[in-house]
Amino acid sequence: MSWGTELWDQFDNLEKHTQWGIDFLDKYAKFVKERLEIEQNYAKQLRNLVKKFCPKRSAKDEEPRFTSCLSFYNILNELNDYAGQREVVAEEIGHRVYAEIMRYSNDIKGERKSHLHEGRKAQQYLDMCLKQMDNSKRKFERECREAEKAQQSYERLDNDTNATKSDVEKAKQQLHLRTHMADESKNEYAAQLQNYNAEQHKHFYIVIPQVYKHLQEMDERRTIKLSECYKGFADAERKVIPIISKCLEGMVQAAKSVDERRDSQIVVDCFKSGFEPPGDFPFEDYSQHIYRTVSDGTISTPKQESLKPDPRMTVGKAKGKLWLFGKKPKGPALEDFSHLPPEQRRKRLQQRIDELSRELQKEMDQKDALNKMKDVYEKNPQMGDPGSLHPKIAETTSNIERLRMEIHKNEGWLSEVEGKVSQRSERRHSAEANHLVAQGRESPEGSYTEDANQEGRVQPQHHAHPEFDDEFDDDEPLPAIGHCKSLYPFDGNNEGTLAMKEGEVLYIIEEDKGDGWTRARKQNGEEGYVPTSYIEITLEKKQ
């Protein structure tokens with residue numbers, strides 16, 4: 001199938017078809033450009049959306065690290081990566097499809113113009129040959145008519161008896177001249193005819209088929225280029241599918257990481273005050289005086305009245321605690337956090353101690369480095385003056401002493417808080433025990449007996465030195481609340497941390513309080529803190 005043989009007489013239609021092909025190419029290029037702009041705008045809008053909803057937190061922000069919030073932030077990160085992949089798609093389409101198709105469109109326009117010009121030039125040359133042949137044909141026809149007239153004139157004069165010999169001779173010469181001119185025009189016409197036939201054969205069997213062949217090849221290349229662009233368009237999407245799939249998988253994993261129990265525990269850690277709920281108001285039996293008067297005719301004052309709690313004191317204490325369920329009174333922030341509830345105060349003090357400990361470790365490391373540098377300078381004076389390090393060493397020493405004093409002061413406050421919490425718990429258990437004993441000794445009349453010795457046995461005995469209790473408590477290890485598997489190795493160089501290897505299984509004895517550290521225990525009983533992000537935790541289900 002060839003345009004040169006099948007469409008030898010369809011030059012105008014082929015010209016229109018090739019122009020339509022170029023117009024369609026430009027139309028597809030416009031489509032790709034608009035598709036490219038859509039991808040760019042989509043990626044830009046996604047990035048703006050992520051930027052809008054990403055947390056803008058300062059270094060001092062103490063936003064609770066809820067798993068639902070962390071999951072959402074991870075989803076935003078994955079969405080940001082997804083937007084980056086849309087930008088990659090736009091870039092691929094721009095370079096591999098749009099730029100290529102625009103370059104090819106310009107090339108094919110020039111090539112088409114050249115082929116059509118060659119076809120028109122061949123047609124013009126054939127038309128010129130036809131015109132020359134037609135002119136020679138008319139001349140030959142005219143000369144033949146003139147020769148025929150000359151022959152008729154000669155024959156008429158030759159048969160005329162009245163004609164002179166000179167007239168006959170003159171007519172004869174004219175006949176020979178016209179006959180000669182007719183022969184020459186005949187030869188010229190024959191030559192022009194032969195030439196035109198040859199050029200026409202060459203035109204329709206060689207020149208035009210060659211031109212049409214080039215046009216056909218050009219149009220087929222245009223079709224192939226469109227096919228390649230279609231495929232490149234799809235390949236640009238296909239290349240990013242694996243990464244987009246990872247982004248979507250990351251979103252799914254972020255959704256699975258939401259732990260409602262952990263979020264509930266974070267709420268407890270953030271807002272737990274450490275206070276005990278208000279106690280019950282005691283029943284004050286004013287009728288017992290009436291019953292005693294009716295039964296024995298006397299009015300007596302109960303001996304256990306001194307054991308009754310003062311209603312005014314009870315109400316006062318209750319009112320002092322009821323702010324937990326209402327609006328918390330605001331007060332100035334104190335250095336020892338005494339304006340905070342006990343549990344929050346303990347947490348803030350522990351955080352400050354941890355921060356001061358890290359600063360202390362940095363200062364000690366800096367002091368060690370300065371001392372080593374000083375030793376090097378003393379051994380090699382050409383490297384530096386040891387005396388130049390004395391101010392810096394003195395400053396570091398002063399900072400170390402200051403930090404140690406701060407840590408000691410905060411540890412004292414922390415011990416005070418923990419002691420108060422422990423005493424409050426003991427008083428609660430003591431009150432419960434007294435309440436049970438008092439119920440056992442209550443008389444049917446609503447009065448109390450005077451068994452003071454029994455009350456003495458029920459009262460719990462408090463240690464004079466509560467710090468001894470802490471020492472005994474440390475001997476008994478904390479119970480494990482779950483286990484974990486280390487995902488990465490951790491050297492545990494800092495004080496209080498626990499070194500672990502990758503894949504090592506540990507017991508969890510204390511959950512992350514929101515500072516990024518989890519307390520764990522090894523199989524050999526060694527305890528310490530490990531980074532929460534380095535382990536995979538499995539907590540025991542609470543019965």
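Note that Cβ sites are derived from N, Cα and C of the backbone, with glycine treated the same way.
Features reported for this protein in Swiss-Prot:
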{"type": "DOMAIN", "residues": "1-263", "note": "domain 'F-BAR'"}
{"type": "COILED", "residues": "66-258", "note": "coiled coil"}
{"type": "SITE", "residues": "LYS165", "note": "site 'Mediates end-to-end attachment of dimers'"}
{"type": "COILED", "residues": "334-426", "note": "coiled coil"}
{"type": "DOMAIN", "residues": "339-416", "note": "domain 'REM-1'"}
{"type": "REGION", "residues": "424-467", "note": "region 'Disordered'"}
{"type": "DOMAIN", "residues": "479-540", "note": "domain 'SH3'"}
Quiz prompt | Residues of the domain 'SH3' (479-540) by DSSP state, where helix covers H, G and I | solution = 3 helix, 29 strand, 30 coil
Self-check item: For LYS165 (site 'Mediates end-to-end attachment of dimers'): DSSP state (helix, strand, coil)
Solution: helix
Exercise. May I have the DSSP-based helix, strand and coil counts for the residues of the domain 'REM-1' (339-416)?
Key: 72 helix, 0 strand, 6 coil
